[in-house]
Amino acid sequence: MAVTIGALNCRGLSEEVKRRDIFDRCNKKYDITILCDTHCTKERENKWRNEWGYQAYFCSFTGHSRGVAILLNNKFKVTVHKEYKHKEGNYLILDMTIHEYRITLAGIYGPNNDNPSFFSEIQEVISNIQNSSIIMAGDWNVVQDYEIDTLNYKTKNNVKAHTKLIEIKNSLDLVDVWRANNPDKKRYTWRGPEHKQSRLDYFLISTDFESLVNKSDIDISY
């Protein structure tokens with residue numbers, strides 16, 4: 001049975017109409033949804049979980065910034081063994097079993113500065129879980145290839161974090177599944193001032209999963 005996974009930077013879900021709309025769209029499109037920049041708080045988690053209607057896991061921070069959520073629907077067999085949460089709301093990692101696959105699933109909302117220690121912490125957590133099958137997705141705030149993943153940049157951003165990310169990919173045997181299927185294609189997930197664009201949102205998966213992927217795409221944002 002195929003499982004569809006989507007990741008979205010939702011830029012805050014405090015507004016109820018927007019939140020319910022995104023929940024409804026994600027439930028229809030994905031079996032597993034990774035949401036970044038949720039602006040959820042501990043006090044809101046139960047309310048939002050009830051609105052989702054199925055299993056929902058949160059790493060919350062404040063009502064104005066950060067936060068990661070992983071939402072599961074009821075269309076497949078899943079067991080979550082343990083959660084790992086970043087103290088400032090930038091990652092949520094689940095040790096879980098989907099059907100018969102024991103995997104590590106990580107939702108990432110990378111800090112918007114050159115912070116390699118953040119990625120070192122993620123590497124340590126995932127390495128200690130010791131699952132060979134890994135899926136990591138979200139808004140990393142770090143590009144992987146300055147040449148093909150950026151447009152109209154005058155300088156290279158977050159160079160130390162970029163170096164650490166490449167190290168993690170090699171250490172954990174991860175592949176950017178969209179780039180593997182689109183080696184020369186230029187697509188961007190972020191647009192900023194002075195016509196700058198970059199691909200900051202992506203999935204990194206362990207190579208044992210690569211042959212199981214039917215499709216990967218960059219969709220229109222909310």
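Every residue gets a Cβ built from N, Cα and C, even glycine.
The domain 'Endonuclease/exonuclease/phosphatase' annotation in TrEMBL covers 8-214.
The Mg(2+) binding site annotation in TrEMBL covers ASP139, ASN141.
Counting only same-chain residues six or more apart in sequence, the Cβ atoms lying under 8 angstroms from the Cβ of ASN141 (Mg(2+) binding site) belong to TYR109, GLY110, PRO111, ASN112, ASN158, ALA161, LEU200. Residues or ranges marked as site 'Transition state stabilizer' in TrEMBL: ASN141.
Taken from TrEMBL, the feature site 'Important for catalytic activity' applies to ASP201. If you draw a 10 Å sphere around the CB of ASP201 (site 'Important for catalytic activity'), it holds 22 other CB atoms from the protein chains shown.
Cβ contacts within 10 Å of ASP139 (Mg(2+) binding site), excluding its own Cβ and spanning all protein chains shown: 26. For the pair formed by ASP139 (Mg(2+) binding site) and ASP201 (site 'Important for catalytic activity'), distance between Cα atoms is given as 4 Å, rounded to the nearest Å. Confidence annotation: the domain 'Endonuclease/exonuclease/phosphatase' (8-214) carries a mean pLDDT of 96 in the model.
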